[in-house]
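Now, the feature entries from TrEMBL:
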type	residues	note
COMPBIAS	A:1-10	compositional bias 'Polar residues'
REGION	A:1-25	region 'Disordered'
COMPBIAS	A:11-20	compositional bias 'Basic and acidic residues'
DOMAIN	A:24-536	domain 'Cytochrome oxidase subunit I profile'
TRANSMEM	A:39-61	transmembrane segment
TRANSMEM	A:81-106	transmembrane segment
TRANSMEM	A:126-148	transmembrane segment
TRANSMEM	A:168-193	transmembrane segment
TRANSMEM	A:213-235	transmembrane segment
TRANSMEM	A:255-276	transmembrane segment
TRANSMEM	A:288-310	transmembrane segment
TRANSMEM	A:322-345	transmembrane segment
TRANSMEM	A:357-377	transmembrane segment
TRANSMEM	A:389-411	transmembrane segment
TRANSMEM	A:432-451	transmembrane segment
TRANSMEM	A:471-493	transmembrane segment
REGION	A:500-570	region 'Disordered'
COMPBIAS	A:542-563	compositional bias 'Basic and acidic residues'
């Protein structure tokens, strides 16, 4: 295999691009970096800070809703809180994490020395940051932040009904931040498809890299539609009369949901990839059903572009049976992914580390979101539960009980790689149990609230509505979630301050290429001390270990796994 | 009430299927977490694929998906048919419902009766839509400003309410009663209190109501 020895030297020719060690730590070096790992860390770090800020807004929402007839905040400020909480989590937290996780990991996992078009990726970060500033600047304006909900339907969001400057700033901010995300996604896709090290063929890319490819394809296919929707909304800020016509109101909804259903999978797929990597690593075995999972991710991504109308069942202006058909069919690729998760665990030898706990919890919790998703894809059910707390519960199970757990699995799994330091296991377990209990106590009662008739986005309710008990329980759960986040912050702060637990290159006995280099990796990912290893399959370090042990395990021949057959040796 | 039984049937069907799927996966996961813990000493499997099994499973999933699609489309069709049957009836009662920031207006075409209210914090300020029991009722929904939605949770009746567009909800009330209606599409500051009552009364009382110009019955 001469290809592998060649590629091990490949990073060397870029060595002159790297600033000397003495200047690498300065703020200027960080803010002008072209290293994909640093761009990704800037994006991820910003998103994690925003996760806390935007999460605090949700705590105020929960405080207001705990008891009936409470007026801790005015109706308008309440509307601002849930708007910035919802749009912040989606546009500024989970989507950027989903994309930037790929920006950090994909070049490493495909053995590339850098990301393609790093300055474009960095522009993406700056646009994201600028968009964030604009959205939050709304709090400093006379009428407060945007208050039209994260999907910002016209005519409500035209200047006639929500005249505040915060509303206009929000439209501009969302446009700019999402444009930045399109840039980053493009560079990651480019890297995975065209910048792989020679031995890394398509079918030797890890599951996470495939999930990132599927994600970024959706970003490129669907996100421009949001730019068009925001453009239309901006037009309506200037000429609100266009939204007296039904045509433009419904056109906005089509443009918006054409983006906003795929974005749900953008916020989900990378965490499917994360959970697959974490489950297989701590099961001590190759991910089961790799090929089926790859096919299902790509099918899922393609189908994701055909389901948007299921958000419009109750408009009386969509082809409900068609959108119901395409939406329900998605259970096939989703079911195939779950098969891979379960089969991997069923044949594993399990180590219950903190990342593994989060990955395990993801499986049943996201399942609740997925199964209720099939229910709301059924028009006759959706007519009753749409715009109620049933829906709020449904997507908090996908995003909080699902993606957030995938996010923390990733955080605990790759934190040692990015920093060279291990987090504290005991605090990690506290975080896990608080978050698991808190999430379910918060969001499970909301299904019931929806069925009892509580509409979403109401600032308060009356004692006779009968919503009080469930809301008290939900708020108690939110306190546990807050405690869990505090424990996490303490964990990170003490681990980084004390620097007591060096991670080493490969603290988890990982399978993929990022574990073959140092922690943190050198500027060009692989260098003389850390050459690219052999890549016979999608789990190269597992193959390496098996080879070193001299075990000719029956059935674990990498050629069996689609690796060498699909292009190796050429 | 013509919508509630369909919602209940399909919801029950799907919640049973979902519970079975959840139970199977949760049990499989829990058992394998226990059996496959490192302390149990079972070496990891090295099997990476089982194509016949995976393809068979995907085909089975497709079967379930097709079953759900057919059941769903069928239920949706039945619901649409019932609405059409109501609208085709000769003695249909038509009410023009207008949503606005932030209350409702109900204009009865059978008599010169128009009802509206203030929808303030006090529930007594909310308007009441009076309809007869047993006769088909057609609600023609439109908005004067932004998008609203009319929702009567206890009857499983809901439709969005658009400016420059009319949606129709058609149903028959089979017994007398009073229900709470809400706005379920976020519409601004006073969205939470944009509520109304819907009251089904006997045909005789309904006629009295219209004749008296909307005096409460």
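Residue 1 is the first one shown; counting continues down the chain.
The backbone N, Cα and C atoms fix where each Cβ goes, glycine too.
Note that TrEMBL annotation is computational and uncurated.
Proximity of the transmembrane segment (A:471-493) to the transmembrane segment (A:255-276) is not established, fewer than 3 Cβ-Cβ distances being under 8 Å for residue pairs spaced 6 or more apart. Counted over residue pairs 6 or more apart, the CB atoms of the transmembrane segment (A:322-345) and the transmembrane segment (A:255-276) come under 8 Å in at least three pairs, which marks the two as touching. When Cβ-Cβ distances below 8 Å are used as the criterion, the transmembrane segment (A:389-411) is approached by residues 89, 94, 97-98, 101, 264, 267-268, 270-272, 274-275, 278, 355-356, 358-359, 361-362, 365-366, 368-370, 372-373, 375-376, 431-432, 435, 439-440, 442-447, 449-451, 454-456, 488 of the same chain, each at least six residues removed from its ends.
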